[in-house]
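Supplied in structure tokens, the structure appears directly below.
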Amino acid sequence: MTTAVERKYINIRKRLDQLGYRQTLTVECLPLVEKLFSDLVHTTESLRQSKLSAVKAEKESANFDFVLEPYKLENARLSRENNELYLELMKLREHSDQHVKELKTSLKKCARETADLKFLNNQYAHKLKLLEKESKAKNERIQQLQEKNLHAVVQTPGGKKRSIAFRRQRMQIDEPVPPSEVSSYPVPQPDDPYIADLLQVADNRIQELQQEVHQLQEKLAMMESGVRDYSKQIELREREIERLSVALDGGRSPDVLSLESRNKTNEKLIAHLNIQVDFLQQANKDLEKRIRELMETKETVTSEVVNLSNKNEKLCQELTEIDQLAQQLERHKEEVLETADKELGEAKKEIKRKLSEMQDLEETMAKLQLELNLCQKEKERLSDELLVKSDLETVVHQLEQEKQRLSKKVESFAVTERQLTLEVERMRLEHGIKRRDRSPSRLDTFLKGIEEERDYYKKELERLQHIIQRRSCSTSYSAREKSSIFRTPEKGDYNSEIHQITRERDELQRMLERFEKYMEDIQSNVKLLTAERDKLSVLYNEAQEELSALRKESTQTTAPHNIVSLMEKEKELALSDLRRIMAEKEALREKLEHIEEVSLFGKSELEKTIEHLTCVNHQLESEKYELKSKVLIMKETIESLENKLKVQAQKFSHVAGDSSHQKTEVNSLRIVNEQLQRSVDDYQHRLSIKRGELESAQAQIKILEEKIDELNLKMTSQDEEAHVMKKTIGVIDKEKDFLQETVDEKTEKIANLQENLANKEKAVAQMKIMISECESSVNQLKETLVNRDREINSLRRQLDAAHKELDEVGRSREIAFKENRRLQDDLATMARENQEISLELEAAVQEKEEMKSRVHKYITEVSRWESLMAAKEKENQDLLDRFQMLHNRAEDWEVKAHQAEGESSSVRLELLSIDTERRHLRERVELLEKEIQEHINAHHAYESQISSMAKAMSRLEEELRHQEDEKATVLNDLSSLRELCIKLDSGKDIMTQQLNSKNLEFERVVVELENVKSESDLLKKQLSNERHTVKNLESLLATNRDKEFHSHLTSHEKDTEIQLLKEKLTLSESKLTSQSRENTMLRAKVAQLQTDYDALKRQISTERYERERAIQEMRRHGLATPPLSSTLRSPSHSPEHRNV
């Protein structure tokens, strides 16, 4: 038993030593250790078997994964394609929705435009209908008036009443009445540039802020529409995600689903972040623009604030300086009095100088008044001459009318003589000797009529001679002028001379108006100088009164002697104050010197302005001399015209002597007739030239001629009436020639009138130039007046400031006197100074009395000048009214300036609010920039992680290869070990120790292998996850690129569509413009056709009227007419035949 126990103990001890258990082993715990050791061996064997089964299961699972892998790939490809197709469908839907919206907006615009065009078309059609109705009514009215004005009844010398047609009375107006040359003078308006600039700045700022508000509102509307679109897109995407999640839930592993959900969430986050990045970039751009604008406004505001602060500092400095000046003026009143006396002396000198200038101006005014009187006398003389000339013109026109009527009568007489001779010969041929005793009676009546008319014209000529002789007795000048006018052979000379005289008259009137304006300007200047003189006199009196009051106050400031004993202790303090006062006195002297320099500078400026006014006066005098020279030239021209009139009067006397004989009259009329025939030939030549201009109206004339031809064809069916119409047509041709002559005369008259118009237009242009020069001079004078007013206002302000300073000086003086009562030594010195001041006051009183005497003399002179200027105050009252109006306007402008200041304060408050908003926006921008920077950093971190993971993947793949190689080697070793174990089972007892050690080593290696396998599994999982993430990232990149590409394509397509729409708009606008142009062209054509139609109607009516008049004149003169021809052809019905 002991040997068996010992053997067991030795075996167990060895095994424990082999396994590394070195602890002590007692005999009592030997059975327990045996059991534990047997259990350990059992567990190791079971572990070995489980590992083998696990290896087999892994091999089977690897085979299963290899079989399922192509199905997984195919399923993933199909799902990806499905997702891409669905994304494209969504994009197409969005694009179609946007396109539909744009088409709807364009359709609405087109509908509005079509509605507007329809409305305009209806309006134009309605207007055309109204115009057509009005034209029809007017045409009917014209026809009615023409029918009313066609016929009239005239009693012929034979006692019969015949109806003749009168020409329609016409009134040809070449041009409207010329406008009045003298327009209302522009009222000068004072312009304050500071107020205008502030108002303009405020208005501009308000407009800019309103524009910014509108732009922000538009951007907000755009952003809201974009948010709506994006919300719709997000809803569609979420629906798609839900659909895909439902589709992919069945038969998928939870890991894959979780990974896909993570990828989807990551994609959503990335898309959302991209959208936020884009939105934030756009917001950054807008905010940068806004910040720039606000910075600019801030700079402007800061500049304004700096300017205002500088102004405030300057004002503070000026206030301190004014305080110092007040103190110095208080302590040094004597020097102030001396400077005031000096200024008064200078003011006296200026008053004397201005009085001398006023005297010079009055002398010039007197000279100009004399010249005005002379010019008015010349004007009256010229007006009388113009009246005489107008009478002569009327006489000349009457003579020309009589001459034309006589020429017409002579032509009608010649025609009637020819017709009578023809009738006599025809009567002789038809009726023989029986008709002889009838024709002489007609000739006798005709000759008697001619003699009566001759006697009538003789009487008219004698009456005209009697009128001319009577007017020649009244004034020799008018008689000469009349005779010269009667002797002028042509009307063109009369018109040219009359137009020259009228032109000269107009020029003289303009010269007089200029002189009157110049006199008014001089009077206004004199009035201004008198006003300034009165103001200076008032200021001088006020200054003297203030000086006397100051001196009285200085005499009354003697302190009582009782206070002297109480003030001895304060002597030292008073001495220190005196020293300080002396220092301030020196500073005050320097200030006074500076003020005197400023006053001298202002005086020099005033002297410069006076020199400028003297230069203006010299220029006006030079203009006056030029006008005098022009008047002399006009007189010379008038004398030359009088000589011409004398020569023409002599010629007219010769003509009047020759006109007593009737034969000479007939010869002269024949010569005139020949001249008229020559002029008719010339006018026919001119008409042939002008017929080229009437080609546009020939189409309608041809239509009328065709109608006339048709009527002629109808008339040819009647042979008897055809011969009569031929004769009448010959007569009408003759009258047509006569009318052509009259037309040519009218064209000559029109040419003369056009020349006169051109001359008048030239004269009007010269007058306009002169008026513009006068207006410029008036504006300059107004500017000088405004400058003077500003200078007067500045002087008033300075006087107010001086009064305020004097008041402050008085107050500070009272305080100083109270302090001086406490002083003792100063009282003695002040007593001495008071004595000296009393002496100076006596001298000042004497000077005041002298000044009073001078003032009385000055008042007498002023009263004399006021008596002289009393007559001119009525003329200057209008200028005072204008000045009051200007003053009221200035007050209104001041009120507006205050309003503008209030508005500027409100604008400043708005700017402050805008600054606060800008600060908030800046803070927000900074926060957004920080978020963007964080996103960018995260993006970089993701990229760095991806790169590190790729490197780790490559490293792990290499390690896996090494481990697989090691695994293969280990498996080979295991197989060799198994073979050795099988071989060594027989020698189990011998190799137990070796087997135990090897088993332990094997177990250790197995543990390490399991660890390696678990690590490899984990690495595989990590690799698969990383590959999946890489694929997801690549798909995200691809989708982002596709999105960008599609967005680029959509933007390009939108741009092309916008360009197409713009081209369509331009085409529609061009069509509208072309249609409007065509409408205007058609209207112009309609107007031209209407005018042509009216002209042709007038021509037809005149031709009808002339034909009827010719027929009636032929009937009146007894020519062969259609009814006469019928009487001649049928002698049995005539009364003469009955007598036979």
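Just so it is clear, glycine is given a Cβ too, placed from its N, Cα and C backbone atoms.
Just so it is clear, the model here is predicted, and its values are computed rather than measured.
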Could you let me know which of S253, S439 shows up in Swiss-Prot as phosphoserine?
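Residue annotated phosphoserine in Swiss-Prot: S439.
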Which one of 1044-1078, 1079-1113 shows up in Swiss-Prot as coiled coil?
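It is 1079-1113 that Swiss-Prot describes as coiled coil.
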Looking at S184, S688, S906, S1016, which residue has the phosphoserine feature per Swiss-Prot?
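Cross-referencing S184, S688, S906, S1016 with Swiss-Prot, phosphoserine lands on S688.
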Tell me which of the recorded sites K101, K104, K108 ends up closest to S383 (phosphoserine) in space, Cα to Cα.
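Considering only the listed recorded sites, the nearest one is K108.
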List the Cα distance (Å, whole number) between K108 (site 'Microtubule binding') and K101 (site 'Microtubule binding').
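About 11 Å separate the Cα atoms of these two residues.
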Count the Cβ atoms, other than its own, that fall within 10 Å of the Cβ of K108 (site 'Microtubule binding'), considering every protein chain shown.
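A count of 10.
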Sort the residues of the region 'Homodimerization' (11-64) into helix, strand and coil with DSSP and give the three counts.
44 helix, 0 strand, 10 coil
Under a criterion of Cβ-Cβ distance under 8 Å and sequence separation of at least 6, what residues of the same chain contact K101 (site 'Microtubule binding')?
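Expected: none.
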Calculate the per-residue pLDDT averaged over the coiled coil (447-644) and state the result as an integer.
64
